[in-house]
Structure formats: structure tokens, C-alpha cells
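Record features, source TrEMBL:
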DOMAIN    A:4-348  domain 'Aminotransferase class V'
BINDING   A:Ser9, A:Arg42  L-glutamate binding site
BINDING   A:Ala76, A:Ser77, A:Trp102, A:Thr152, A:Asp172, A:Gln195, A:Asn237, A:Thr238  pyridoxal 5'-phosphate binding site
MOD_RES   A:Lys196  N6-(pyridoxal phosphate)lysine
Number of protein chains: 2
Amino acid sequence: MHRVFNFSSGPSALPLPVLEKAQKELCNYQQTGISVMEMSHRSSAYQEIMDETTSLLKELMEIPYNYQILFLPGGASLQFSMVPLNLLRKSKKADYIHTGSWSKKAIAEAKKYGEIRIAASSDEQQFREVPVLNKMVFDDEADYVHITVNNTIEGTCFHQIPHTGNVPLVADMSSNILSTYCDVSAFGIIYAGAQKNLGTAGVTIVLVREDLIGNAASDCPTMLDYQTHSKHRSLYNTPPSFSIYITKLVLEWLKEMGGVSAIESLNREKARLLYTFLDESKLFTSNVARNSRSLMNIPFTTDSDDLNQKFIEEAKAAGLVTLGGHRSVGGMRASIYNAMPLEGVQELVAFMSNFEMNNR
Amino acid sequence: MHRVFNFSSGPSALPLPVLEKAQKELCNYQQTGISVMEMSHRSSAYQEIMDETTSLLKELMEIPYNYQILFLPGGASLQFSMVPLNLLRKSKKADYIHTGSWSKKAIAEAKKYGEIRIAASSDEQQFREVPVLNKMVFDDEADYVHITVNNTIEGTCFHQIPHTGNVPLVADMSSNILSTYCDVSAFGIIYAGAQKNLGTAGVTIVLVREDLIGNAASDCPTMLDYQTHSKHRSLYNTPPSFSIYITKLVLEWLKEMGGVSAIESLNREKARLLYTFLDESKLFTSNVARNSRSLMNIPFTTDSDDLNQKFIEEAKAAGLVTLGGHRSVGGMRASIYNAMPLEGVQELVAFMSNFEMNNR
């Protein structure tokens, strides 16, 4: 079987052992005689899958007891609505940190429901860095502060999490969850679409501190109320059951790899390799400020659109696929999530190095 | 490999050829070197999957040109909110037909957003039949009429679709879509979770007549506005991509089986077999009125809870699984969707017949 290295920003590469296990039990899950895809979500076999997924996530992220772990549909985009609908309950004010395309969408959505302040922004820096938040003063009265920790399109990341005092911090971690250590207790809510570091598309993981549940307005759609899902342990209706099962396999794989600390070392090594090459290259450049560089999404470019195109095509032919940059920014982007092995980045760097020699 | 006959009401049995094809290409889809689960939803390979799924559905259901086919997250339960949020725009009134547990949820949700009238109900008949709608007069001013065509829990079904004149008819067809011929043009909206006749959980198919799109209020969550998904051809954000792919495989299988007319004959034969046995049985009874019997979900019972339990357990041991009735009604239920082969029903009837001989 000919597999390639897949640098897609999401849905993105899955660990091969995960795919192989899913493949093996696809028609008959653990002697049940049926596929996970055919399993009633009310069956004990499926409940076990949900329970194991929950407990693995709890263990790997060291999630404190006072957080609910929810498996929801609709992606981060639905969380852009669910967060304000559930949290804008007292002052109806919230502070948002604006760092790119995704925070922009989150802000636009929240503005439908309350008074939203852009508390910090790197708009003037074309989002090539994230704002410094150390000494920031947030609005004490805000119902929450929202941050996009890793910016998939811009290739930036907050390496320090701001202190927001008593105001709950809500974080979109779609593209960096489980990639490095994270102190969950610093957050009120963490949400992440599964299709980057957690599995495949269809399910979104939401960690919610329990005191933030139960405050939605009475006209909030039932499916958008965290309480609905918390009360029914993510089984209010049929969940995206196969996607949750894939998340279970990914978490099992991650645990076997040594958990978050082990994958963090590997991620740092992968990113170091690529950034070191970029910093020394005379052909390729990274536009992202050094202190804001993402470990997960690394955009780079040459000074010619034609050369970029040539690079993307030749890389593809060499088995290094989906290296095109986001349509809004062009150039190239390598997304090197947890599932990208070191060899993938080594091959990419070797290919880039060769390409540079041949195209200078 | 030991497969069993799975009578689950959903997620439910998938055709074995579908599972086998998914299994075969799980690690490497059509020589792309990656899994469908790893595929960028913006890639041409994935766009092809979406296009094929759409065109197969269009062909199999003979969907007129003025309908949009949307692939949405959240199940029918999210449609319970999306329908009123998008359609209650003029009089803010709607007529609902109340036929059981699911219509009850749809009604409760709609009441958050407008003046909802129960235009007909079989509540007094304990939902053992569906109301006669032939001569019904609907409210001319209503923004829409809502009907649950097949009632998964109660085992009832409308065999005739009411004429609602100029008022759009909205139908929950989660448990009967593609099981029998359906004149799509009689409906304003048809929605169905995939996990019964269309694939696996995670995606909901929504057919919307185009004139009903674009009327949501400005504070409608973006993800709950049909226009968002119509405009972006179900790619506003990352869709439940693997579930859509499974739907494609199911539709390919259905086409190969001879399409809707062929599967309708098979479904009628399967249901006839089971109902004929039930009508003649001295141990098992069906509580559903004859004129309202579902072809998909067939609840039945003995007069003893202990005997029911014994039946469910012995059937399971014999490879006939998930025959327990819904927790709200008890007894037994056989869900015999498109993917249940004739042999499955034949085996069930033979088993029931034997059980009756041994337990009279």
C-alpha cells in the first residue's frame, strides 16, 4: 500500500495504526457481529466507547473533576454561537482577542448576542504575530474573554495564556489541542474540532467548567444549550458515533506514544527542524514573527507565485501532499499535527533543500 | 467473520458491501495515498465525493431542480430548531401533526419561536395510529405544516401525504427516507438523519425548496441558517466528511439494487412477512392500527415482560440482535430498514415461530 505524507490543515493525517485498527474492526467490532457505524448509541457496547474516550481524554489532559467533557456536532463554527448563547448572561459583554480569520468569525457571531469588545488585536501587524497579553487589563464585568490559541491560517500561536482573573477564559484550541501541555484549570471552556489532533471531522470536543452550564436563555435552541448535552452525557440525540470512536483510537495511540509530554517533545523537534531550515533558506521564507510561531501550522513562501505552484506540484509528485497555503493567503503551508511523524518533516525538509538547490 | 442480523432502530444495519468497500479503501482511498478521513474538505478528491453523493440522491429521489440538497450536522433534533428559525417569517404561525415522541420534541422546540397549533393528533389513541388528514383544513396563514412521516418509536407511518395547498409541508423522514416512492415536489422541506436509511450517524440530509431559503432572522446562528449551507454548498465549514462518504456508498448500493422502486418491493415483502406472522400468532401481538403500520419499525410484544426479556435474550444468542423495544414503551421492536436483507426477516419470523411453540 502506497501511503503519502499529508500536510493538510484539516481534516488531516491520522496515525496509521489508528486507520489500521479501524479498518480491521470495520465490519465486526470486537466480536459484536456489527460495525461501530451500525451500533445503537444506547447499547452497552457503544456506551463503553464513549466512556473510554471520555476517560482517556480526562487522563491525557488532566482534566479537573469540575469540567464536563462534551462531544458535539457542528465544528468550532457552531461553538462560535454556543459560547455567547450560553455565557452572555450577566453583563452581556465579552472581550475577544482578534488574531485572524477564525477569531474574526467568532467575533462576528458573538456580536449578534451582546456587546463585544476587541480587547486586543494584531490586525495592524497583518496577524503575523499575536498580541502581547501579559499586562493586559480585561473588562472585569465581561461575561468571558475569548482567545484563538492557535491560528491555523496565519500560523501563529499564543505561547503564554493570559490571566483573566475571575472572568472565564474561553479558548478555541481546534488546531493545537493535545499538542503541548495545557493547564485546563486556567480555562472556563476549551473547544476543538476533532479533525486536526483528535480524530476525524464530525465531532467537536468541548470542555466546560460546570458553573458555566445552565445559563442559556429560554429561547436558545435545545441543541445549542450546553446543559442539554451535559445532562444527557452527550447522548441527548444520536451523536456522531463513528467520529467519536476514531477519537478514542487516536487517544489510545497518543497514550501509547507516551502522552502529551512525549508528543510535545516530538512536536517541538518537528517544528524546530522546519523553522531552522526556513531561517537558513535563501529561497523560502516564513512571515510569522518568531515569538508567535505555531508548532502546528507553518506557512512559508518563495517570492514567486509560479515557483510556489511548481513546489506544490513537485512535492505532491514526491509524496508530500496538501502543501498549498490557505486560499486567503496563498503560498505554502505545512500542517504538522500530532499524527505527522518526524520522518514526514525530515522528508519535507530534504525535499525543500533539494528544490532550493535546483531553483536558485 | 461472524456477522449478525441487527434490528437496531438507528444507528442501524448497513449493507455489507458498503462496509466492505469502506474497509477496503479505509487507509488509501482510490490511490490518493490517504484515507477519506484525512482528506481536506476543500480538495478535489473530496469535492468529487460530495458531488457524487448529491447527484446520486438527486437521481434516486428524482429531486426537482428547485431544491437544494444540504448535508448538515446535528441530526433531526437540530432541524427541530432550524425549521422554525428559518420558516417562521410571515405569520409566525405553524401547524404541527402530533404523532408521538419525535413530533412532541419538534413541537416543543418550535414553540420557542412562534405560535404553534397542533392541527391533528393521535394522542388519544396512544399514538397507535396516525390521524386521518385527507379532509383536513390547514391554517392558510401558517408559515408551514410539519409532519413526522414515519414514527420510529410508535411504529406508525403516514401512507398518504396531506395536501397543504400553498402552505409548505415540512417532513421529518428520518426513518423512512428512500424506503418507498416519495414525490419530493409535494414538500417544502424533507429532512432525515443518515443513520437509518442513508448511512451512519453524523450527517443529516435536508432537501429545501429554494424559495424557503434566505428568510432567517438576523440573530439566527449562522450554522442554523439554511442560506449559509446553501451558499457554500454544504462546505461553509468542515462537514462530517466521512459520514457523507458512507452515504455515497449507501446510495451507490441502492442504485445497484435497482433504486427506490426495487427496494420498496423488498421492503413491502419484508414487512408483509412479519405482519402476517404477527396477525396469526397467538403469543405475539402488534398494537399498531392496520392502516397506520410502518414498513420500517415494527413493535410487537407478548403479554409478559419476563417472556419479552427471554425472547430478546434468546434472539440475541441466535444472532438476531437489538430487538428490545424503545425504553419508553418496552416490548420488542424490529427495525427493518433498506439494509436489512429478506433473509434477516425470514430468520426472525422462523425464530419467533419456534419461540412461540416452545413458550405457549
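Note that Cβ sites are derived from N, Cα and C of the backbone, with glycine treated the same way.
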Rounded to the nearest Å - Cα separation of A:Asn237 (pyridoxal 5'-phosphate binding site) and A:Ser9 (L-glutamate binding site): 30
Binding-site residues satisfying Cβ distance under 8 Å to any chain B Cβ, from A:Ser9, A:Thr152, A:Asp172, A:Gln195: A:Ser9, A:Gln195
Candidates A:Trp102, A:Asp172, A:Thr238 (binding-site residues) with Cα within 10 Å of A:Ser9 (L-glutamate binding site): none
Whole-number Å value of the largest CA-CA distance among A:Ala76, A:Ser77, A:Trp102, A:Thr152, A:Asp172, A:Gln195, A:Asn237, A:Thr238, listed as pyridoxal 5'-phosphate-binding: 31
Binding-site residues compared (A:Ser9, A:Gln195, A:Asn237, A:Thr238) - highest count of Cβ atoms within 10 Å: A:Gln195
Sparsest-packed of the listed recorded positions (A:Arg42, A:Lys196) - C-beta count within 10 angstroms: A:Arg42
Structural state of A:Asp172 (pyridoxal 5'-phosphate binding site), classified by DSSP into three states: strand
Binding-site residues (A:Ser77, A:Thr152), the one with most neighbouring Cβ atoms at 10 Å: A:Thr152
Distance from A:Lys196 (N6-(pyridoxal phosphate)lysine) back to A:Asp172 (pyridoxal 5'-phosphate binding site), taken between C-alpha atoms, in Å: 13
Mapped DSSP class for A:Thr238 (pyridoxal 5'-phosphate binding site), helix or strand or coil: coil
Reduced DSSP assignment, A:Lys196 (N6-(pyridoxal phosphate)lysine): coil
In the chain carrying A:Ala76 (pyridoxal 5'-phosphate binding site), residues 6 or more apart in sequence that have Cβ under 8 angstroms from it: A:Trp102, A:Asp172, A:Ser174, A:Tyr191, A:Ala192, A:Gly193, A:Thr204
All-chain count of other Cβ atoms within 10 Å of A:Asp172 (pyridoxal 5'-phosphate binding site): 28
Among A:Thr152, A:Gln195, A:Lys196, A:Thr238, which are recorded as recorded positions, the nearest neighbour of A:Arg42 (L-glutamate binding site) by Cα: A:Thr238
Spatial separation of the residue listed as 'N6-(pyridoxal phosphate)lysine' from A:Thr152 (pyridoxal 5'-phosphate binding site) - C-alpha basis, Å: 10
Cβ neighbour count within 10 Å of A:Trp102 (pyridoxal 5'-phosphate binding site): 20
Alpha-carbon spacing, A:Thr238 (pyridoxal 5'-phosphate binding site) to A:Lys196 (N6-(pyridoxal phosphate)lysine), which is rounded to whole Å: 23
